[in-house]
Amino acid sequence: MQKVDKVVLAYSGGLDTSIILKWLKNNYDCEVVCMTADLGQGEEMDGIEEKALKTGAVKAYVEDLREEFVRDYVFPMFRANALYEGRYLLGTAIARPLISKRMVEIAEMEGAQAVSHGATGKGNDQVRFELATMALNPRLRTIAPWREWELKSRTDLINFAQENDIPIPVSRTKPWSIDANLLHTSFEGGELEDPWNAPGPDCYRNITPPERCPDEPEEITIDFEAGDPIAINSVKYSPAALLAKLNELGGRHGIGRIDMVENRFVGMKSRGVYETPGGTILAAAHRDLEGLCMDREMMHLRDTLIPRYAEMVYYGYWFSPEREALQAMIDKSQEKVTGTVRVKLYKGNCVPLGRKSPFSLYNPELATFEEDYVYDQADAAGFIKLVGLRLKGRMQQSKWGGKEIEDSCE
Ligand code: ARG
C-alpha cells in the first residue's frame, strides 16, 4: 500500500480527536493537517488552531461553513420534507457530506494521501464520511483509528492521553455522545442506552421543557420562496441566521424534541434524543404552504419518495446519482412554493394558523359551501358512479357470481 505522508483529520479539539492526532503521527509517521468545521455547534472556535498545532498538527484549518451548510444542505433537504423513519430530521446525517467535501478539498490543496475521522466502527457517521470521500475523490484513503487501534476502553484513552501530554478535560465522565450543529443537537449512549429510561434534565440543551415554557403563545410569519424560507416576521435573513433565529424561537417554546429508537445503516437499533427547534418549525410551515400551492398528484408522488430520499441522506448517499436525480425532481416541485405561513408557537407545539401565496391553487369559487357558478354538482354523480364501478363489481361477483352487474349499473 502507498505510504501515507500527510493526513487531513476532522478535528473537534476534544479528547478523542486530540488522541487521534497523536496516534496518527505515531502510527503512520505522517504529518497531520487538522480541519475543524464551524457548523454552528456553538462551541468555542477561538484557540482551536493553536490547540491543534500544540498537539502536533503541521497546519490547522478552522472553516466557517455555517452559510454553506444551511443553504446547500439543510434547505435542499427541507424542500424534500425529509424525515427518517417518520421522525428524525437528519441533523447529523446532513452535516457529514459537507465536512467530507471540505476535507477532500483541503487534502487536494495540501497534497495529502488520506483523510481521517473520529467516528467509531459501530455508527452511521463513518459510513457517511467515507462514502462522501469516495464519491468526491476516489484516490483518497480514509483512516478510521477507532477501527484500527488497540485502545478499547475509556481508561485506555485516558492512559494514552496522559502518556502523550494531551490535556484531559475535567468533565470527562462522558455520560453520552453529543453531536451538535445549527440544525440539531443529538444525544446518544449513557443512560439513554436503556430505551425505557426517560431522558434526564441534562439531556436538554436548547429546548425549554414544555412545563417551563411561556404561558403566552407567540405568533410569527415565515416567508418562503421556491421552497426555501427567506424571512421571519417580514425581516429577511441569510440562511444560517434564519435557522438560528428559528432555533431561538422554537427553543423558547419547547418545540422540536424527539426521542426515538431508530435503525442504523450498520445493522443495529439505537436510541437517540434529538433537539431540532428551528427545523421543526420550518418543516411544519413548509408542509403547510405546500398544501396551498402544490398540485395534488405532484404532492402524492413526492410523498411516496420522502422515505427513499431520507434513507439516502441517512445512509450517506448525498453525493450519489439517485439523490441528485431525486433532488432535481423535488426542486422542480418547489418552483411555486412561494408565500407566507403564519404559525403559533406554544408549549411544545407549532400550529399553522394561516397561509397565503401568489401561486395559490386554492379556488374559493370552487371550494365554497355557498352557491357557485363554476362547478356543476350534478357532474359528481357520474364521477362517483364510474370510480365506484369496480367496487360494486367485486361485491356482486362474490355475492351473485357476477350476474346482475349490468342491471345494477343502471
Ligand atoms: N443517530 C443519529 C444519526 O445517525 C445521530 C448520530 C450522532 N452522532 C454522533 N457522533 N454522536 O444520524
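For all residues, glycine too, the Cβ spot is worked out from N, Cα and C.
Taken from TrEMBL, the feature domain 'Arginosuccinate synthase-like N-terminal' applies to 6-167.
The ATP binding site feature in TrEMBL is assigned to Ala10, Tyr11, Ser12, Gly13, Gly14, Leu15, Asp16, Thr17, Ser18, Ala37, Gly118. All protein chains shown were included, and the count of other CB atoms within 10 Å of the CB of Asp16 (ATP binding site) stands at 19.
What TrEMBL lists as L-citrulline binding site is Tyr88, Asn124, Arg128, Ser177, Ser186, Glu262, Tyr274. Around Ser177 (L-citrulline binding site), the C-beta neighbours below 8 angstroms that are at least 6 residues distant in the chain are Ser186, Phe187, Glu188, Gly189, Gly190.
Secondary structure from DSSP puts Thr120 (L-aspartate binding site) in coil. Residues near Thr120 (L-aspartate binding site) in space but far in sequence (CB under 8 A, at least 6 apart, same chain), listed by position: Gln126, Trp146, Arg147. Summarising the annotation, TrEMBL assigns L-aspartate binding site to Thr120, Asn124, Asp125.
The feature domain 'Arginosuccinate synthase C-terminal' is assigned by TrEMBL to 176-392.
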Number of Cβ atoms other than its own within 10 Å, given for Tyr88 (L-citrulline binding site)
22
Taking the center of the Cβ atoms of Thr120, Asn124, Asp125 at the recorded L-aspartate site, which other residues in this chain have a Cβ no more than 8 Å from that point?
Ala119, Lys122, Gly123, Gln126, Val127, Arg128, Val266
Measure from the CA atom of Asp125 (L-aspartate binding site) to the CA atom of Gly118 (ATP binding site) and give the result in Å, rounded to a whole number.
9
If you compare CA-to-CA distances from Asp125 (L-aspartate binding site) to each of the binding-site residues Ala10, Ser12, Tyr88, Glu262, Tyr274, which comes out shortest?
Ala10
Judged by other C-beta atoms within 10 Å of its C-beta, the most isolated of the binding-site residues Ala10, Arg128 is Ala10
Look up Tyr88 (L-citrulline binding site) in the DSSP assignment and reduce it to helix, strand or coil.
strand
Tell me, if you would, which residue among Gly14, Gly118 (binding-site residues) has the fewest other CB atoms within 10 Å in the structure shown?
Gly14
